[in-house]
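Taking it in order: structure first as structure tokens, then the write-up.
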């Protein structure tokens, strides 16, 4: 097992192959997370041709290059101009843990000192180049306060920028290019590969409440000039921000997941409070609109996420209600064993209960899966690792302050 507790230190670039992760003059424009259109506008604003955006995007995302001096198909004068006025800076990793089964977790410090968490889960198929799914955060904390969610109990601080969102994917790919100490310096960019095959916007926060930065980030994930991921390999999960679901359906074609967790309004109002604003009838209508678009060649489905809470939402009656609720909606149901966290008011459903629930759904004709727990040796519900690191940071700061106080007394 490799579970690392020591914060990873990132240093300024000093060599041609090192990665600059320090913003020397915070007035510089961070190009990370800019869409091709945004980057083209930036180049026009500095008196350059907009086609440079394609070149720079390829360097950043297909080669992992953040040092403009290494972008050799740019003129020397343009490289100098970019070095003076721009930067490519992902969020800073302050903590990471790697599991025996390949699961990786990072805690990032974003602007202002806030912390967000990212998790990478490899497929359990023993393939060296198999599926690797990255769970990305979109906000610092979450305002929805779902009663079973650790992140919601930490409150909401702010939205993440596109650079902070896409930077999580950039660092996850970079981690496969680095040594066992997870240093991101001295990477041979000629060997760069984008190992992450799937992205799910299921980390901290509600993605549709941070709509524009999230959509911009997903555009780059799909772009052939950047990550080139298939639209079925990029999934946005929402608790049900209905107006934005309609907006997303018009703007971007990615896979949709709904954090449902209850088959009736009374129970969902308790578990997922946003249901009081957008009840199930409205949510299901928005889901059907997303799936049944005007192009008959688009064969879409919605993934229904359903956390299994002992004695709360896991009865046979609840399963039958779920069957009736979904009706003819093309959907795959993912049952999620509850992952307890400190002071949680719920328990995990038994394995027998989960399988009985699953059988009812399967017999009704739905594809139903049970999420497998991964990374047991570094296990934590979404948001818990951030809480643990933040607690340690606060304790360390308090201890250091007590030393200073004693020295000054």
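Heads up, residue numbers simply count up from 1 along the chain you see.
A Cβ is built for glycine as well, from the same backbone N, Cα and C atoms used for every other residue.
Note that the coordinates shown come from a computational prediction; the quantities given were computed from them, not determined experimentally.
Feature annotations, reproduced from Swiss-Prot:
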ACT_SITE  117  active site, proton acceptor
DISULFID  135-382  disulfide bond
BINDING   142, 146, 149  [4Fe-4S] cluster binding site
BINDING   205, 206, 237, 259, 260, 261, 339  S-adenosyl-L-methionine binding site
ACT_SITE  382  active site, S-methylcysteine intermediate
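Surrounding the centroid of the Cβ atoms of 142, 146, 149, where the record places [4Fe-4S] cluster, the chain contributes additional residues within 8 Å, namely 144, 145, 148, 150, 151, 152, 153, 239.
Taking every pair among 205, 206, 237, 259, 260, 261, 339, the residues listed as contacting S-adenosyl-L-methionine, the largest Cα to Cα separation comes to 19 Å. A gap of 19 Å separates the Cα atoms of residue 261 (S-adenosyl-L-methionine binding site) and residue 135 (disulfide bond).
Between the binding-site residues 142, 146, 260, the minimum number of other C-beta atoms within 10 Å of a residue's C-beta occurs at 146. The number of other Cβ atoms within 10 Å of the Cβ belonging to residue 237 (S-adenosyl-L-methionine binding site), over all protein chains shown, comes to 20. There are 24 other Cβ atoms within 10 Å of the Cβ belonging to residue 261 (S-adenosyl-L-methionine binding site).
Spatial neighbours are here defined as Cα atoms within 10 angstroms of one another, and by that definition the neighbours of residue 117 (active site, proton acceptor) among the recorded positions 135, 206, 237 are 135. Geometry remark: residue 205 (S-adenosyl-L-methionine binding site) versus residue 142 ([4Fe-4S] cluster binding site), CA distance 4 Å. Secondary structure at residue 206 (S-adenosyl-L-methionine binding site), as computed by DSSP, is coil. Reported as a whole number, the C-alpha separation between residue 135 (disulfide bond) and residue 339 (S-adenosyl-L-methionine binding site) equals 16 Å.
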